């Protein structure tokens, strides 16, 4: 491991026969991995983030019941406090809520929904923003002016307001009582439309710098179509900042989804995300049943905090000025 | 200077028209307004009469012009839920929101600047580490979780502060204020902290970064060479120069404070515009949503315009670059 401490070691020219392990070694030997191993906080944050993703993926294996299936819930088991308190009961690690739903299982399933909405929202926002940013930067002129004006105007409005408006309009068009899956779709669209601006601005900036370079001129000269030049040659050079924005945006998207659900404009009680669980639990706070709101809140806070720490680290690690 | 002000003003009007088009389209095309007013078993002829009385038969541009003309006079139609003019509802709720937003901003400015200056001057103390941990929490914790935490601590466990509402309010003209009664002030504490925490961390980080930058400049070194006291250098020279961007950011952020008040008001059941808006979204009350959008945009655009113009007044270096159109 001692050779990994020297960050700028020249890569030995091994033949491509062992391309697979070579790739792995390059990754382990890179500056990024070096700065990752230097920061203990980042390693903890990464471990917690991975743990949350694993919990969400294996939710149905880990949960003691399916909290969305009314047949599995028994009112006899309602309002049981966590297992380490005097009234705790065995299968219910973190207690149960009003409907006899196991809080731990509900958190696992809620985590899954929060992450799905967050990741899909970030992908939608990224795709939209990158596409518009590439077009604005590459085409320039009036198209650029129009896209960037819209971006400027939208940037003055907070994302949560835009997401709420999109949500309200979608409900009005599609009818007030949506089923859970289409609500999920509406949330993804609302988040995608709220967060595209940052990508578009960053990509446009990089494109403006890159498009005057010789390699773009060479690509144009050999007759490559513009979309191919943008996607295959210009975009990879803007990937660093996009990755940083995407990481920080994932945390923001999860907060936005949780906030919408908390405000009652998001996921319904029948298919709760972490935000919905917090809204439900908040009603029992005064009755002294703190565990119904505390554990989903803790899960949400831990998830967001660790993703934010990862994003902060990535921003510093990819910033050449700070090396 | 005049040309710049005019151009910015025209831009601002353009933005307001664009927002107006969005608000009108929401009002007109997102669901049929007639269905919201009549009941399910209203005969078709009566529906037509309602449609005619609302002017929904006119060409769309005429309707838009009428909507815009009415909006300019603060007439936003009738709420579907409350059967009252939306403008009355908004006016009734506005003092609560503005009072909350103002308190939160003052709180954020005072504590943000104090903490920022301290953590820039004493970089390695325990208190600085603590401030930085607070700022990380302020940025990472969703607003509503902070509110719930405060309610659990100070209302449920300790019973010191009320968990919902504005307390007793005093009416001065059309404005209602909670600042003059004890219960009103007590009710204001937790919502202001909840709403202001995010801005506070933002201001703290900004002040810290700016202070560190300014302290490295030549004129600070020169001031040291002149033998000025540390206090005069830090507060007379360094802090003064960091305040311009701080005031700009705080000004621009006032708009988002009003928007984030939506969440705080829901947690504390604070009877402001934000709570009205959330209830409108839940119940698909389009006239309130459209009116809220217009009101908030007007506040945002005005603040942006004023800050832009003030900036050129405060900082003469900007004027020469502005004269040339970009």
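Each residue's number is its place along the chain shown, starting with 1.
Using the three backbone atoms N, Cα and C, a Cβ is placed for every residue, glycine included.
Record features, source TrEMBL:
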- B:12-30: transmembrane segment (TRANSMEM)
- B:94-311: domain 'ABC transmembrane type-1' (DOMAIN)
- B:98-121: transmembrane segment (TRANSMEM)
- B:133-154: transmembrane segment (TRANSMEM)
- B:174-198: transmembrane segment (TRANSMEM)
- B:243-268: transmembrane segment (TRANSMEM)
- B:288-314: transmembrane segment (TRANSMEM)
For the transmembrane segment (B:12-30), sequence-distant contacts whose Cβ falls under 8 Å of one of its Cβ atoms, 6 or more beyond its ends: 56, 60, 63-64, 67-68, 71, 77, 286-287, 289-291, 293-294, 297-298, 301-302, 304-305
Intrachain neighbours beyond the transmembrane segment (B:243-268), with Cβ under 8 angstroms and 6 or more residues off its ends: 96-98, 100-101, 104-105, 108-109, 113, 143-144, 147-148, 151, 163-165, 190-191, 194-196, 198-199, 202-203, 206-207, 210, 274-275, 277-278, 296, 299-300, 303-304, 306-307, 310-311, 314-315
Chain residues outside the transmembrane segment (B:98-121) and at least six past its termini with a C-beta under 8 angstroms from it: 127-128, 131-132, 134-135, 177-179, 188, 191-193, 195-197, 199-208, 211-212, 215, 234, 239, 243, 246, 250, 253-254, 257-258, 261, 264-265, 270, 272
Residues from the same chain, set at least six apart from the ends of the transmembrane segment (B:133-154), whose C-beta lies under 8 A from its own: 115, 160-161, 163, 190-191, 193-195, 197-198, 200-201, 204-205, 260, 263-264, 266-268
